[in-house]
Each structure stands twice: as C-alpha cells, then as structure tokens.
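These features come from Swiss-Prot:
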- Tyr194: active site, proton acceptor (ACT_SITE)
- 10-34, 63-64, Asn90, 194-198, 231-233: NADP(+) binding site (BINDING)
- Phe95, Lys96, Thr97, Gln106, Ala193, Tyr194: glutathione binding site (BINDING)
- Ser140: substrate binding site (BINDING)
- Ser2: phosphoserine (MOD_RES)
- Ser2: N-acetylserine (MOD_RES)
- Ser30: phosphoserine (MOD_RES)
- Lys239: N6-1-carboxyethyl lysine (MOD_RES)
Amino acid sequence: MSSSNCVALVTGANKGIGFVIVRDLCRRFSGDVVLTARDEARGRAAVQQLQAEGLSPLFHQLDIDDRQSIRALRDFLRKEYGGLDVLVNNAGIAFKTADTTPFHIQAEVTMKTNFFGTRDVCTELLPLIKPQGRVVNVSSFVSVNSLKKCSRELQQKFRSETITEEELVGLMNKFVEDTKNGVHRKEGWPDTAYGVTKIGVTVLSRIHARKLSEQRGGDKILLNACCPGWVRTDMGGPKASKSPEEGAETPVYLALLPSDAEGPHGEFISEKRVVQW
C-alpha cells in the first residue's frame, strides 16, 4: 500500500480544466493526486509539466469508454490505497458547432463518452469512495439551458426526485434513437447532443447522491455536479470568458469541501453556488 493512504483522482486531465484541477489539488490536497488520461504519452507529458513546477502528481491510464481500462484503475486504487477519497469526473467531449458530422452520429458518440463513460466510472469507483469522500461530476450550464428547451413532459422526468438510474439510461438511449429516426424534435428534445448528455450527467449526480444518502448516510460523502463556466480550452474555444484556472475553481472547491461540511450534496453548483435544477 502507498505510504499516503489519501488519494484524489481526476479524469480527462492531460489538458484544459482537468489539468488545472490536478495542479490545484497537488497544491492543496493532503495526499496523492492521480492524473488520468486516455492517451498515455499525453498523460505522462502532462505529469512531467507539473513536475517541472515542483508538483508530484501520479499518472494512470484511463479511457472512460473502455470498461477494462476503468476496472484496471479500480483495481490499482483498491490495492494501493484501499479506496478513493476524491473523484473528479471531468473527461468529456463535444463536437464543434461547425462540424458537419450527421447529428445522429454526434448524439451517439457524445452520449457514449459524456454520459455512459461517466456512468461506468461511477459504477466501478463509487463503491471505493471512503467516508467523508468527495465526488465532483463536471457538467455544464448547457444542461440547465437544454433542460428548459425540452418538452414539459421530459422536464418533469428529469426534475423528478424519484427517477431511477435505469429510467435515466432509458431516456438517454431514447434521445439517441430519436435522432437516428429523425424525430428528436417531435419527441420533445432540444437540438444539442452535448446539452442532452450533460442533462444526463446532472441527473445521474442527483440519483447517485440520493443513493449515497440512503445507503451510506453516516459516511458524510458529498457528491455534486457543477458547471466550470465557459472556459478557454480546446473544447470551449479561444473566445470563452474564463481561463482554465477560473474554470477549475468550482470543481476544486467541491473536491475540497471540509470534512465536517453537511453540504452541498446532490446539487448543481455554479460559481460555488447552488443553482435551481
């Protein structure tokens, strides 16, 4: 086992917001910080960059689209640390606005990573979260705006306090199927694949927080979704209003909520404040 038994982990962390979250956690979290990336060479280059700044992150490969990759990480964490203290689910993708890929393919590809990949990471790693652990799912304000563009019926489902993970999975699959059949507008969906996937991430966070409260209420684990803002990254583009450092502020705040904090839990957070879902 590692000499430091506390560990924080960030997915999709070789660049952008994820990279800065790792840097901030290296400075402020008392324990090991694991930077993960799909591409090993890029991940190790990011670690070297932080080492040049005098920081000491560790690297582990993780492709959230690959269940075997997730399980290899799970086994590493279990063996080396006996669990996980902080999980930041940051990995995600988006097609550029000008991309000419057919919408139904954009929907399928984006959903596979942003929703189902994140869900698979949660399925494998949430059971490892230690008492007083922190889980942060990086969603987007686009999820709030996209929710408002959904039909009233879909809004009610996504805002439900009793929606199950299985029901949410069914809805995410239905969106992809509806885009393939060319009926997504008729079925009440907005014209944004990215936005719908992030609705999924936000609602999944609410479901998982509810489950944690029911099953591990005494462990004081806090799980939230958050919006980093519009950030100057490869995804956000050069005209975005925030630097990656500013974008990392809310995720890091949630990752480092003090051990005696009662909340927030199961909320959507922007600018360190709870936003009505």
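Backbone N, Cα and C atoms are what each Cβ position is placed from, and that goes for glycine too.
Source: prediction; values computed, not measured.
Overlay of Swiss-Prot feature records on the structure.
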residue : record                       : Cβ neighbours (10 Å)
Lys15   : NADP(+) binding site         : 18
Val20   : NADP(+) binding site         : 25
Phe95   : glutathione binding site     : 17
Lys96   : glutathione binding site     : 10
Thr97   : glutathione binding site     : 6
Gln106  : glutathione binding site     : 19
Tyr194  : active site, proton acceptor : 21
Val196  : NADP(+) binding site         : 30
Thr233  : NADP(+) binding site         : 20
Lys239  : N6-1-carboxyethyl lysine     : 7
Neighbouring C-beta atoms (10 Å sphere around the C-beta of Asp63 (NADP(+) binding site)): 21
Site diameter for glutathione, Å, by largest Cα distance between Phe95, Lys96, Thr97, Gln106, Ala193, Tyr194: 11
Distance [Cα-Cα, Å, rounded] between Val196 (NADP(+) binding site) and Phe95 (glutathione binding site): 13
Secondary-structure category, per DSSP, in which Leu25 (NADP(+) binding site) falls: helix
Pairwise CA distance, the residue listed as 'N6-1-carboxyethyl lysine' versus Thr233 (NADP(+) binding site), rounded so that it is a whole Å: 10
Intrachain C-beta neighbours of Ser140 (substrate binding site), sequence separation six or more, cut-off 8 angstroms: Tyr194, Gly195, Lys198, Cys227, Pro228
Alpha-carbon distance [Phe95 (glutathione binding site); Lys15 (NADP(+) binding site)] in Å: 17
Alpha-carbon spacing, Ala193 (glutathione binding site) to Thr233 (NADP(+) binding site), which is rounded to whole Å: 19
Cα-nearest neighbour of Lys96 (glutathione binding site) within the listed binding-site residues, Val10, Val20, Asp63, Thr233: Thr233
Those binding-site residues listed as Val10, Leu25, Ala193, and which of them has the most Cβ atoms within 10 Å of its own Cβ: Val10
Pairwise CA distance, Thr233 (NADP(+) binding site) versus Gln106 (glutathione binding site), rounded so that it is a whole Å: 20
Cα distance (Å, whole number) from Val10 (NADP(+) binding site) to Phe95 (glutathione binding site): 22
Surrounding CB atoms that lie within 10 Å of the CB of Ser30 (NADP(+) binding site), all protein chains: 9
